[in-house]
Amino acid sequence: MRYTNVSILLGMLVIFVSPMVFADDLTPIPEGKPQVVQWFNTHVGPLAQRKGLDPALVAAEAAPRIINVNPKGGEFKTLTDAIKSVPAGNTKRVIIKMAHGEYREKVTIDRNKPFITLMGQPNAMPVITYDGTAAKYGTVDSASLIILSDYFMAVNIVVKNTAPAPDGKTKGAQALSMRISGNFAAFYNCKFYGFQDTICDDTGNHFFKDCYVEGTFDFIFGSGTSMYLGTQLHVVGDGIRVIAAHAGKSAEEKSGYSFVHCKVTGTGGGIYLGRAWMSHPKVVYAYTEMTSVVNPTGWQENKTPAHDKTVFYGEYKCSGPGSHKAKRVPFTQDIDDKEANCFLSLGYIQGSKWLLPPPAL
């Protein structure tokens, strides 16, 4: 009789207690694309199923505030005004729901306004657009969207810089789409358009999933520690074209860019996967489809020969005609399973502490 009661009690616990997800920083993203969804759902579950998140984040997510923005009229007509309504020192998640339309604004989210989410609809994505250039604002401040705060999230939005493409003659023609300088930022199904320096992936831990990034030269650059999962990297224009310019300056730095299950596309050919803007760049492409637009050498030759020994350019189980390694530069690392796992798990971006899925609204 005693054992029967215990069995009943255990059964009730199974029914009524929700499973808790301890996000695993060690389990790598699987090689098979069909398994990626299950991997994500297992390790990036919603707040109610999670343990180990930062306490400040848990408190912030307890009672989110929702703001509606619509250029045609609503609670706020501009994104800038909506952000101004968030108090300095904010401690609560603020979800800014953006109606479909064009938001011609130069938007900055200050460091003292964490926990902000910009959210659009997947079939009617709002567009943040501006035409700032380095000549007017300085390179990193030319971005249409600048995020300085922590715990930022963007879902289903488009960000553009509509300044003309640099012609190689005009000084200060760099024009950023976005600069992300805050820690713990996630981007889901977002699109970024620019030419040179499209995204300044500046500093902090960042996660991009199912995104699209378009540019010409160094169009993802900075010192961020970022994972790009299932993201299309589309190269346009002509002349020398480079995707990633990671700004690592020493062997001790932990930052770097990891591109996983991405796709490299573009016009023309001769595209470089990355270059040594600084002495110690760290860039890895894993399970990535590389079309014929990729230069057979893969990576741009280093202008400083000493950098041949300090760069970390890794390729792991990539596919497509652009992934052939016969003509790769000699300083490319063909990394093994153990090395690859460091760039394939959430631990690379400290994901178990902060990474949440998009809000279900």
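Just so it is clear, glycine is given a Cβ too, placed from its N, Cα and C backbone atoms.
Residues or ranges marked as active site, proton donor in Swiss-Prot: ASP197. In the three-state DSSP classification, ASP197 (active site, proton donor) falls within coil. Counted within 10 Å of its Cβ, the other Cβ atoms near ASP197 (active site, proton donor) come to 28, all protein chains included.
DSSP assigns ASP218 (active site, nucleophile) to a strand in the three-state reduction. Taking a C-beta cut-off of under 8 angstroms and a sequence separation of 6 or more, ASP218 (active site, nucleophile) has the following same-chain neighbours: GLN196, ASP197, VAL242, ALA244, ALA245, ARG275, TRP277. Look at Swiss-Prot and you will find ASP218 tagged as active site, nucleophile, backed by similarity to another entry.
Per Swiss-Prot, the feature substrate binding site maps to GLN174, ARG275, TRP277. Secondary structure from DSSP puts TRP277 (substrate binding site) in coil.
The feature signal peptide is assigned by Swiss-Prot to 1-23, with sequence analysis given as support.
Look at Swiss-Prot and you will find GLN196 tagged as site 'Transition state stabilizer'.
Each of ASP197, PHE217, ASP218, PHE221, VAL242, ALA245 belongs to the same chain as GLN174, ARG275, TRP277, is absent from that list, and has a C-beta within 8 angstroms of the C-beta centroid marking the substrate site.
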